[in-house]
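What follows is a short report on a single structure.
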């Protein structure tokens, strides 16, 4: 080839002598998503684990115990090995699953074409420049430039479910020059060089051109865009075969470029846990320093001649430091991190199994209804669900069903109610005289509806003869499907499209000449004859969230038309001021306003006829754009901005999108939880406000403030005014704020305005931001998250919600009609908005409370363990002698005390779920930090110090009171170790029982198995000579020791019981009050039922009265609670 284009990515095909492969070092198509190999797993996994500080801490302890063996090295090394092994097994299992998936993909067989022959090839062996032959149903193995297809006009259809989650078909087109090369022999003769962008992650953007050999084409290159490219991972549908040349393979393909870790989110509770660990480290450092100093001081005072020189030397300081470092390592429970991860996984399972978050919806694979469970994509954030203070929600598809139904047409100065009178527009058009002045306006209106879209018509497979009524429109937007279905109901049926033309059937009008075509069957529509109109599709300017409009250029019998539809704030400024009828414009704006007040989604429809010179200029510009190698999308938008001017107003549409089930109840509940809800939508202000009112986001009792400003100065003045009003209202009065996208831009670009906006926002229960872009959504969430330092949750269903979902602390995706981008970016996903209530109020609240308990309990038991050891230093002259048996230290965290906190963190409940759903005020306790604050930390710390002091004091009492065996011998060192270990185990186990407020069989089993395992291990270690024979027999012959042991347990836990009783009786939490109230009402309902049974007479036939069961009595009690709460409120 003679082309040398060094600044671009290039690929030669059918060029044996090409040297580009050496220059660019093309990767193979081998897919590898694993993190490890057999050789690298151990070093890389250990490196990843030792990046965590606490693992380094335990590793140092394991090293020190080998240097200064104050303990059996097993007691330090074994727990660390267990934790590292568990984590490694988990990581290895996940990586092995990825390996199996990679192996399956790499082994898929494809066909490559060369020299007129087909040859099988594995996916992993495909290279750039190979020509691939694909058949219907196959998955595209690499990024292919489409050369030719089985369809005459070069069209191919693909499904992009694995890329963006959308099930609707996408139309792709072969390059015009290569479409005739649709056989093995012909395609083998093609020679050329692909010139395009270097590999990148932009799925919907690729610009390039192909330079073909001079024998087959002129030197003018053939441009290609994303419409001519099949991306790896897509599936070929409704097309028998295609030929394509590989442009990007392997890691260079678009989908592989997008397989980047966006970074895991971590719970805000993890930050609190880190601060708690720092506090424990400080306490550890204090104990370590005191112990080393007292040890050295004691050594320097000793003058015993037989101990040798007792002067303090640096090596002795280091030695003592390592001794106490090893002893006090157990202050931090090594098992807590594994326990937390295990609890997170179990809690995720409980969420998935929750029937309250199960939805049913029509299957995408047929007419059957499928059961959809919620999904947890990130197990690290359960606690943040219980701490959410701000919810940011999309509207369409999140609060609404996203099942669009056209409600009204507005054309000229008339409004047609499609909901009340289906087909009314078509009937009216068919009554118009072609010579009528309005005939052209109505004609262009239905042409815009039928032609200005990107939908693909697909015949529904019903097993019956294909009809126009069986057409299904697969569109990226539900709005397009609704408009096409509605215009079909009026007799204008979009039937078929390819890359250069579109076909529309319409009911015949008076004076039409019947047209027959052997290529198309003689369709009818509602027993009326139809005629076929063909339109040449010249150019398309697609919809985008920034443009908020779409237009097409088509050739019609009347000439070349630009047909356009979009949001009113984008369309009305583009109308021609000279030709637009002021009355019609006023009527259209009034209609749009009224439609918006009714909560309907509106679009403005417009068109213009292009002159010959305008179209010629447009063609020249578009040729330049299509040949551009960079910024082609931006240049296309600039062309659209130029051509979409001086439009003729045709009318407007109004589409209804109904609220999902239980949305008002869910929002009302969340507001009562003290959570503030912000609605971020691209809809008109009137539509957003209407939806806000129907969803109970806004009520008539609220002070509604509307912030619409023309400039920054006006924005600042209004903010000051609203702040004064909002902060001056009495307690109990609620505020709501509505702001449009233009005003919001002033706020986001100016720091003082942003501060004022947040100051106003915190006084409002609800905020509605309308006409916002996806970027603005993310910036609003980031503003609240960063400035207010509050836990935020974003929920949405579309690609335009991905940014705000990723920015928020917690992201929730709705599995809706707009693909799975939001779901894939989310941390939790489900089908319906109503599932947010149990997710936050039940699972989030329980997770927060349970995790607080497991963290405090885990540190508490280890503080008791090590503080006793610290006190023991006063007895052993700070020699570093341990008070515990080595196996006891080894198993304390990993076996003896690991199960109770896990069981409690999975099954404990402070109140029943139904009470949580009845009393949203219970959620406010988390926001008020009732369960995690420094007072609670101090309480746990004081409890640990008290328990350690009592156990140590009882040990001293036993030593000084000369408790003896039956044969008169005193208490041995082993017996002292057994006494301290057993009392400590008993205290922390009973403490775990006191924490549990809801006992179920797993709770009983967990505590029971813990006690049994402890006893078996104690006797087993003596049986296998790990401790001296007869030790436990001696213990059993010392009744005084058992009496002191029981007294020690009682003395330790008596203050806990007293404090718990005092708080329960005199300072109860809201949960205690609600629980007691439910218990009393349940007892009252039972008494009433018993009294009723005594007074009832048997029914006819000898059957007794029909009495409700216990479940009914509980429901009745909860009903009474609800009524009482409503009356009290």
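Numbering starts at 1 and runs along the chain as displayed.
Cβ coordinates come from backbone N, Cα and C, glycine included.
All annotation found in TrEMBL is predicted automatically rather than curated by experts.
These numbers come from a predicted model, not from an experiment.
TrEMBL lists 53-71, 276-297, 317-350, 854-872, 884-907, 934-958, 978-996, 1003-1021, 1041-1059 with the feature transmembrane segment. Annotation source TrEMBL lists active site, 4-aspartylphosphate intermediate at 394. The ATP binding site annotation in TrEMBL covers 394, 395, 396, 480, 543, 565, 601, 681, 682, 683, 771, 777, 800, 801. Under the heading Mg(2+) binding site, TrEMBL lists 394, 396, 797, 801. What TrEMBL records for 1087-1129 is region 'Disordered'. Under the heading compositional bias 'Basic and acidic residues', TrEMBL lists 1088-1099. The compositional bias 'Polar residues' annotation in TrEMBL covers 1118-1129.
Features per TrEMBL, on structure.
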| residue | record | DSSP class |
| --- | --- | --- |
| 394 | active site, 4-aspartylphosphate intermediate | coil |
| 543 | ATP binding site | coil |
| 601 | ATP binding site | strand |
| 682 | ATP binding site | coil |
| 771 | ATP binding site | coil |
| 797 | Mg(2+) binding site | coil |
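Between the transmembrane segment (934-958) and the transmembrane segment (1003-1021), fewer than three CB pairs separated by 6 or more residues in sequence fall under 8 Å, so the two stretches do not touch. Of the candidate recorded positions, 394, 797, 801, the one lying closest to residue 601 (ATP binding site) when CA atoms are compared is 394.
Residues 853, 857, 860-861, 864-865, 868, 883-885, 888, 896-897, 900-901, 904, 908, 943, 947, 951, 954-955, 958, 971, 1003, 1007, 1010-1011, 1014, 1018, 1031-1032, 1035, 1041, 1044-1045, 1048-1049, 1052-1053, 1056-1057, 1060 of the same chain, all 6+ positions outside the transmembrane segment (978-996), place their C-beta atoms under 8 angstroms from a C-beta of that stretch. Using a 10 Å Cβ-Cβ cutoff, residue 601 (ATP binding site) registers 26 neighbours. Put simply, the residue listed as 'active site, 4-aspartylphosphate intermediate' is 9 Å from residue 682 (ATP binding site) when counted between their Cα atoms.
Reported as a whole number, the C-alpha separation between residue 396 (ATP binding site) and residue 797 (Mg(2+) binding site) equals 8 Å. Other Cβ atoms within 10 Å of the Cβ of residue 801 (Mg(2+) binding site) number 31 in total over all chains.
For residue 797 (Mg(2+) binding site) paired with the residue listed as 'active site, 4-aspartylphosphate intermediate', the C-alpha to C-alpha distance reads 8 Å.
Less than 8 angstroms from the CB of residue 394 (active site, 4-aspartylphosphate intermediate) sit 680, 681, 777, 795, 796, 797, 798, 800, 801, each of them six or more residues away in the same chain. If one looks beyond the transmembrane segment (276-297) by at least 6 residues along the same chain, the residues whose Cβ comes under 8 Å of a Cβ in the stretch are 54, 312, 316-317, 320-321, 324-325, 328, 331-332, 855, 859, 863, 866-867, 870, 873, 877-880, 937.
Least crowded of the binding-site residues (396, 800), judged by neighbouring Cβ atoms within 10 Å of its own Cβ: 800.
All protein chains included, residue 543 (ATP binding site) registers 20 other Cβ atoms within 10 Å of its own Cβ. Under 8 Å, Cβ to Cβ, and six or more positions away along its own chain, residue 771 (ATP binding site) finds 569, 681, 682, 683, 684, 685, 740, 741, 742.
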